[in-house]
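Before any comments, here is the structure.
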Amino acid sequence: MDHAGDAMRTDLMTITRYVLNEQSKRPESRGDFTILLSHIVLGCKFVCSAVNKAGLAKLIGLAGETNIQGEEQKKLDVLSNEVFVKALTSSGRTCILVSEEDEEATFIEPSLRGKYCVVFDPLDGSSNIDCGVSIGTIFGIYMVKDFETATLEDVLQPGKNMVAAGYCMYGSSCTLVLSTGSGVNGFTLDPSLGEYILTHPDIKIPNKGKIYSVNEGNAKNWDGPTTKYVEKCKFPTDGSSPKSLRYIGSMVADVHRTLLYGGIFLYPGDKKSPNGKLRVLYEVFPMSFLMEQAGGQAFTGKQRALDLIPTKIHERSPVFLGSYDDVEDIKALYAAQEKTA
């Protein structure tokens, strides 16, 4: 079979070329999305460089301010947020930005507006910077009907309305995972070229995995279905092997491993935090979008995660996401609890 003419050759496919290829499949496209994405990619490159130099540049210490979530901000958080706000604003393709670091949504001035809303966590897992654990940027993109009259309602949409979502992981390599609604692809930054190259084409999560990922330190406060599920992972009664526990504590790293190897990532609600800790718009939705596009599932304990309609920009929700069959197992436990309630 001759692959010479294959437009999807992974050794040559940059993220820019990939997005242009996708654009050519949509006759109605005017290139706005491509321009927006190129600005997100630029932001990721900048943050990747800053993360790599953090120790040398003395960026690691606390900036002395506290963000809307009550977390002490790291200097890198502040820098990353500024980078993405500026990159997205200067694209001329956005009208509303929602960042994990900012209390209010940012409405772009009319002369610079475009038809997209971007929700993002500029540096997820930043408490892990000091010890060298992988951290990352998470983003989701919505399209609005009329950017001139855009309101907060244009952002408070269910995740299924997103037109694209992705994350960039800053670890042993800089990896950008993206879905524009037709599958999931992974790109790795080649430092010598300064380009993201397609290294993981058409990612599909295995139907069932051997790994579960959860903070078991919260186990005493879990609800019944979560407790039963984790018990089943550790002590299966059907003769299967126990699942392995892998938990990094950086959502991007834990979800990335789950996406590639299969299994399930759990961040349940508990007695202390009934709605869990993860934010709906810029953590739960983008990761759920990617999981579904890769053939997996995402569930809140009550419904499909992408069907959730947020009422506040920093709203939180429990989430169970990963391999299709593994999420089915936890859904069955919640359904059984509903019947007995």
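From the backbone N, Cα and C atoms, a Cβ is placed for every residue, glycine too.
Note that the structure is a prediction, hence the values are computed from the model and not measured.
Straight from Swiss-Prot, the features:
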type: BINDING; residues: GLU71, GLU100; note: Mg(2+) 1 binding site
type: BINDING; residues: GLU100, ASP121, LEU123; note: Mg(2+) 2 binding site
type: BINDING; residues: ASP121, ASP124, GLU283; note: Mg(2+) 3 binding site
type: BINDING; residues: ASP124, GLY125, SER126, SER127, ASN215, TYR247, TYR267, LYS277; note: substrate binding site
C-alpha of ASN215 (substrate binding site) to C-alpha of ASP124 (Mg(2+) 3 binding site): distance in Å?
16
Chain-internal residues, separated by at least six, CB under 8 A from ASP124 (Mg(2+) 3 binding site):
GLU100, ILE135, GLY136, THR137, ILE138, TYR167, SER250, MET251, VAL252, GLU283
Taking just the CA atoms, what is the gap between ASP121 (Mg(2+) 2 binding site) and TYR247 (substrate binding site) in Å?
20
Count the Cβ atoms, other than its own, that fall within 10 Å of the Cβ of GLY125 (substrate binding site), considering every protein chain shown.
21
DSSP-derived structure type at ASP124 (Mg(2+) 3 binding site), helix or strand or else coil:
strand
Using the alpha carbons only, what distance in Å do you get between TYR247 (substrate binding site) and LEU123 (Mg(2+) 2 binding site) once rounded?
18
Which one of these binding-site residues has the most other Cβ atoms within 10 Å of its own Cβ: GLU100, ASP121?
ASP121
Please report the DSSP secondary structure of TYR267 (substrate binding site), reduced to three states.
strand
In the structure shown, with every protein chain counted, which of the binding-site residues TYR247, TYR267 has the densest set of Cβ atoms within 10 angstroms of its Cβ?
TYR267
Express the distance between the Cα positions of LYS277 (substrate binding site) and LEU123 (Mg(2+) 2 binding site) as a whole number of Å.
16
